[in-house]
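Visitor: For reference, the structure I am asking about is given below.
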């Protein structure tokens, strides 16, 4: 009942109005899986390749007809007749057929869409929700947890058209007793933040991930206005709500220095920028910092881990790009203590699960993440619960492409009840 009988690829539109790949996998029992590949703005140089057409007459060169053709042609032919329940085999067939180190032949967007669609179809054929099927693929059947959300309520960097250098300022509703309550707290703080910004005459337009994108005097001011909003919403900063940041520092790393254009082009060495961040953690209850230095600055990261690694969570995104080879090297060298998991960075579900397992086995945390270019596909919600990852980053409290994931988590929590505990701050490394 779970043999693949048909695979369809198509070009659809993501949350930024750019094309992406959607795949449909049909099984002989009439079961169907549908999945779409997300797309990033600030991307690590070692990510698997997102194949774009480059034809300037269509979608400004961003079309994905080549990737779609790969789905409908060689990929479909290779997986027809194969058992969708054998995820590792499906993914291996596609990866081997592609034959490149970074999936540049077919595109990680093509391979991932089929990989996820096959998993969804297999779950349907087993008569179980996707998160349950993922837990079985993960070798942890029946082991679930609800993730602590990191909600990106102020967007800067590559995610917004403003003068804020640091890409994401996030809140974590750690005082919540459930995922549903965490979403409510996040929503209330988000709405109070709008009032705080308006009172200061600041813009409340939103960025790619649904957070506000005002022009601010400094990066520290972003933390200050969030602190004000938390208080206005009736919560205590540090107790009910903690803070997190994604620096995406590779985006402002120029000629060996970290240059904050929004702060008068202040330039920092790796050590100086580490202490700049350390000062912020002393002023505000920041418990997690992602990509605090450039992806290639491993010596700097070793220093940053030494200074901050026993106090807070240091997440590698561009640093590790969900790649087990790079993560293994990072673990051996004691770089960071957490990995961001974006399945389109590596391009298949099997490899994503391997990265999560490697991180957990080494005592690193794993934070499941969206991309800035998303669709209504909410697979990452099931991935977070099915791997009991403990943390999720899926944007702010606006834009359906973000909220779709929170709504799916609410449904899953309702279905699982006490089988999926919400552990809050305990999930964060160093807390």
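Heads up, the Cβ atoms here are built off N, Cα and C, so glycines get one too.
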Visitor: Need one residue: from 143, 195, 198, 342, the one Swiss-Prot lists with 167, 371, 372, 393 for (2R)-2-phosphoglycerate.
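Guide: As annotated by Swiss-Prot, 167, 371, 372, 393 share the (2R)-2-phosphoglycerate site with 342, chosen from 143, 195, 198, 342.
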Visitor: Pick from 208, 317, 318: which one does Swiss-Prot list with 246, 290 for the same Mg(2+) site?
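Guide: Matched candidate out of 208, 317, 318, per Swiss-Prot for Mg(2+) with 246, 290: 317.
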Visitor: Using a 10 Å cut-off between Cα atoms, which of these recorded positions sit near residue 317 (Mg(2+) binding site): 167, 209, 342, 371, 393?
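Guide: Near residue 317 (Mg(2+) binding site) by Cα: 342.
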Visitor: Compared by Cα position, which of the recorded positions 209, 246, 290, 342 is the closest one to residue 372 ((2R)-2-phosphoglycerate binding site)?
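Guide: Checking each of 209, 246, 290, 342 against residue 372 ((2R)-2-phosphoglycerate binding site), the shortest Cα distance is to 209.
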Visitor: Same-chain residues six or more away whose CB lies under 8 A from the CB of residue 290 (Mg(2+) binding site)?
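Guide: The answer is 168, 244, 245, 246, 247, 248, 314, 315, 316, 317, 340, 367.
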Visitor: In the three-state scheme derived from DSSP, which category covers residue 167 ((2R)-2-phosphoglycerate binding site)?
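Guide: The residue in question, residue 167 ((2R)-2-phosphoglycerate binding site), is coil (DSSP, three-state).
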